[in-house]
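Chemist: Dumping the structure here so I can ask a few things about it.
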Amino acid sequence: MQIKQVLNKICSGQDLDYSEGRDVFQALFEGEISPAQSGALLMGLRTKGESASELAAAVSVALQRARLVHGLTGKTIDTCGTGGDSRQSFNCSTAVAFFLADQGIQVVKHGNRAVSSSCGSADVVEALGLQLLDNPDLVAGELAARNFAFLFAPHFHPSFASIAPLRQELGIRSLFNLMGPLLNPARPTHQILGVPHAGFMPLMSGVLAESGVQSAAVVHGAMGFDELTPCGVNQVIMVREGRQEDMLLDPEPLGFEACSPEDLACADKESALARQREILAGEGPGPMQDMVALNLGLGLHLLNPDVGLEECMHEAASIVRGGLKTLNFSG
C-alpha cells in the first residue's frame, strides 16, 4: 500500500492492519517517506486514535532494529511508565525496581532521563553510582552482581536517532511516546507498565497480550499518575498468558492512608534524589513509601500469582519500611 493510500485510510477513520502498519513504519524508519508524510502519518494516527495492531506493528519494526539482549534465563521484570503525567513526582518505578532486586528478583530496567517527572530513571541510577549499560553483553554480568541492570534506551535503540528531529519538530504526543515501555531489549517475562490516561490502557494491554510476556499489569493511577498511588482508586488491567482482566485497586482497605498528589511531588531533581535515597533507606515521607509499596506489592503478585494481592501488599509495605538490605551499588 502506498503512503497516500495509507493516509487516506487513516483520514477516513479506519485502522491499519498489522501488515500495513509494519510496511509504513518500516518505510518511516528507513527514510522512504518524506518528513511531511511522516508527520501526517503520526498526526493522523493520533487524531483517529492509535489501535493495538498499529502500535504492535511499530514496536515490531523498532525491535527489529534494536540491540537485543539474548541468553537471559528465569523470571525477569521491568517497572516503567510512558511518562507524560506532568506530576513532577519522585521516581517511584526505579525505587520499586531496586526493592525487587533486593528480594533476589532479576530486574532489567529500560529507561531514559527525565521527561515529565522531576528525575528520570537514568538520573537516579547514575546518581547512585550504577552503570547506564550501553552493550547487551554486559546485562548478564550486572544481573549476576546485583540482580539489577539498567538498559539506557538511546544505546539500545540507535534507529530512533534518525526520527528524533521529526519528533522534536512535531512537538506533540505521538505513537512513539507510547512505544518506549514496550521496547525493552531484554524482553522481560513480567512487567508493570503505567499510563497517564485511562484510554491508553486497553491499547497497551492489547499489545502486551500478544507479545508473549508471561504476566503484566497496565496501571493508571488515581489523580492521573502513570503508577499506582495512595490518592484514590487505581485502575489495572492484568495480562496473564494472553488473557486480560480489568480490576480496581483501592489502597485504603489494604491499609494505605489516602494522600494528595502534592504529597508525592518533588520541586526539582535534587529533592527527588534526596527522597529516593531516604526511601531506599527505609525512611522518607509516608505517602511516598506507600506509593512504592503499592507498586512493589503488585510486582510481587505478578511474579508469584499463587500469593494473594493483599498478602503481597502487606509484605511490600514491610519491605519498604525496612529499606534495602543487600543490594550492592558498587563493584
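A Cβ is built for glycine as well, from the same backbone N, Cα and C atoms used for every other residue.
Automated prediction, rather than curation, is the source of TrEMBL annotations.
Okay, so TrEMBL annotates it like this:
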- G81, N112: anthranilate 1 binding site (BINDING)
- G81, 84-85, S89, 91-94, 109-117, S121: 5-phospho-alpha-D-ribose 1-diphosphate binding site (BINDING)
- S93, E227: Mg(2+) 1 binding site (BINDING)
- R167: anthranilate 2 binding site (BINDING)
- D226, E227: Mg(2+) 2 binding site (BINDING)
- 4-66: domain 'Glycosyl transferase family 3 N-terminal' (DOMAIN)
- 75-322: domain 'Glycosyl transferase family 3' (DOMAIN)
Chemist: Counting distance between Cα atoms, which of the binding-site residues G81, R167, E227 is nearest R113 (5-phospho-alpha-D-ribose 1-diphosphate binding site)?
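Modeler: Of all the candidates listed, G81 is nearest in space.
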Chemist: How many whole Å apart are the CA atoms of G81 (anthranilate 1 binding site) and D226 (Mg(2+) 2 binding site)?
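Modeler: That separation, Cα to Cα, works out to 6 Å.
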Chemist: Looking only at the domain 'Glycosyl transferase family 3' (75-322), report the model's average pLDDT.
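Modeler: Over the domain 'Glycosyl transferase family 3' (75-322), the predicted model scores a mean pLDDT of 94.
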Chemist: Quick check on the binding-site residues H110, R113, R167: which one has the highest count of other Cβ atoms within 10 Å of its Cβ?
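Modeler: Comparing the binding-site residues H110, R113, R167, the most crowded Cβ belongs to H110.
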Chemist: Per DSSP, what is the residue count of the domain 'Glycosyl transferase family 3 N-terminal' (4-66) in each of helix, strand and coil?
Modeler: 47 helix, 0 strand, 16 coil
Chemist: Just the number: how many Å between the Cα atoms of S93 (5-phospho-alpha-D-ribose 1-diphosphate binding site) and E227 (Mg(2+) 1 binding site)?
Modeler: 8
Chemist: Please compare the binding-site residues S89, S93, N112 by how many other CB atoms fall within 10 Å of each one's CB, and tell me which has the fewest.
Modeler: N112
Chemist: To the nearest whole angstrom, what is the C-alpha distance linking D226 (Mg(2+) 2 binding site) and H110 (5-phospho-alpha-D-ribose 1-diphosphate binding site)?
Modeler: 16
Chemist: Just counting, how many other CB atoms are there within 10 A of the CB of G81 (anthranilate 1 binding site)?
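Modeler: The answer is 27 other Cβ atoms.
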Chemist: So, three-state DSSP: helix, strand or coil for G81 (anthranilate 1 binding site)?
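Modeler: For G81 (anthranilate 1 binding site) - judged by DSSP and reduced to three states - the answer is strand.
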Chemist: State the three-class DSSP label for S89 (5-phospho-alpha-D-ribose 1-diphosphate binding site), counting H, G and I as helix, E and B as strand, and everything else as coil.
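Modeler: Once the DSSP labels are grouped into three classes, S89 (5-phospho-alpha-D-ribose 1-diphosphate binding site) ends up as strand.
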Chemist: Determine the Cβ neighbour count for D226 (Mg(2+) 2 binding site): the number of other Cβ atoms within 10 Å of its Cβ.
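Modeler: Result for D226 (Mg(2+) 2 binding site): 27 other Cβ atoms within 10 Å.
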